[in-house]
Amino acid sequence: MATGKIIQVIGAVVDVEFPQDAVPKVYNALEVEGTTEKLVLEVQQQLGGGVVRCIAMGSSDGLSRGLKVTNLEHPIEVPVGKATLGRIMNVLGEPIDMKGPIGEEERWAIHREAPSYEELASSQDLLETGIKVMDLICPFAKGGKVGLFGGAGVGKTVNMMELIRNIAIEHSGYSVFAGVGERTREGNDFYHEMTDSNVLDKVSLVYGQMNEPPGNRLRVALTGLTMAEKFRDEGRDVLLFIDNIYRYTLAGTEVSALLGRMPSAVGYQPTLAEEMGVLQERITSTKTGSITSVQAVYVPADDLTDPSPATTFAHLDATVVLSRQIASLGIYPAVDPLDSTSRQLDPLVVGQEHYDVARGVQSILQRYQELKDIIAILGMDELSEDDKLVVSRARKIQRFLSQPFFVAEVFTGSPGKFVSLKDTIRGFKGIMNGDYDHLPEQAFYMVGTIEEAVEKAKKL
């Protein structure tokens, strides 16, 4: 193993000089010697003259010029397989849950090729989430990719936790959760939530939180993905949750600037599309097994045309858009039924009835949206009888799209509800057909099935 020495440290970027005949390859891992904490660097550029520019996977505090660095001669490798279940690991696959070594049988490099075209497979099976608005408007496909888009504080992480809880309990497969640049508190809450719902032994957790250097946050998504790929290649259907994909992009922006690349639109890295592609192309299903992924996507300043969310859109099968306006009405989950889409919402996949009900719900809500201006200026009395009926049904639908969550029981004080797709379609079909025109709209707020709304109306 060749050794070199540090010649320059600029924040998270470290330049290391090696002998001319032993320059490490790009993406090779290097280990710094003589530091109290283990520090791994990843080669990003070869500058010539035996010098390589690297990003640090940990804090570069206390590094000095002249420290010895060893070339490990392979990319960063992490534990994979069943030994990782129920454990919390960092970007290097080291345990951070104080439960001793992982005891893995195999380690895989985090940089891997995406599967070839011949190996790819797609599926039309639906994954039932038990969340009414998602199952109805933007159904998820098994082996598909779902994005949860939303600005700050509209409920991406809570929706993600509810999805994990529902799917992990209903679907008995394995899941991998990658916490990319999110709050440590959320990671902690998440761990306890998994423990309480008794699904921790089916989940591998990989965390690279907000306080970590950019190199760490840039690679932690790949660490989680590598663990998911191992389960997929063993022939399993695995779930991959990434919270938050925007922080992956942001870490790339930080690293790109430190490496001296010219910024592109809005200050993002010039390699934005390629970096996103490298990650997303690997999140796919093959003939052996499937990876179903749910990714939270932070939308800066609620602007969906920002280059980061816009680049992510292209890779997804279903997009769940969370709206600040709906959250301000107190309707949770704050999913915008007119902005959310899914490739599965096709009569050939979901069936004619589901398709008609979903499109019917959207058209009623769209009509209500158009009438809002008239109501604001002239008042409800100026509407025709038909339009009054549309408004009344739209307001009921809007409230019926809300639902109490299991993971939010502490905040709402009402028990969570899992609603089957069959019940969801039946409920919305009834509202559209006017079967519940006699009930007050408050009865539809924060209930599960339509029967609960009828019961609630009796108490009002």
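Glycine is no exception: its Cβ is also placed from the backbone N, Cα and C atoms.
Quick look at what Swiss-Prot annotates:
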- GLY150, GLY151, ALA152, GLY153, VAL154, GLY155, LYS156, THR157: ATP binding site (BINDING)
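Distribution of Swiss-Prot features across the structure.
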residue : record           : contacts (Cβ under 8 Å, 6+ apart)
GLY150  : ATP binding site : LYS156, ALA296, VAL297, TYR298, VAL299, VAL321, LEU322, SER323, ALA334
GLY151  : ATP binding site : TYR298, VAL299, PRO300, ALA301, ASP302, LEU322, ARG324
ALA152  : ATP binding site : TYR298
GLY153  : ATP binding site : ALA327
VAL154  : ATP binding site : LEU322, SER323, ARG324, ALA327, ALA334
GLY155  : ATP binding site : LEU322, ALA327, TYR332, PRO333, ALA334
THR157  : ATP binding site : GLU182, GLU186, ASP243, ALA296
I need the neighbours of the ATP site defined by GLY150, GLY151, ALA152, GLY153, VAL154, GLY155, LYS156, THR157. Which other residues of that chain put their C-beta within 8 angstroms of the C-beta centroid, in sequence order?
TYR298, LEU322, ALA327
Give me the count of other Cβ atoms within 10 A of the Cβ belonging to LYS156 (ATP binding site).
26
Through the lens of DSSP with three states only, how would you label LYS156 (ATP binding site)?
helix
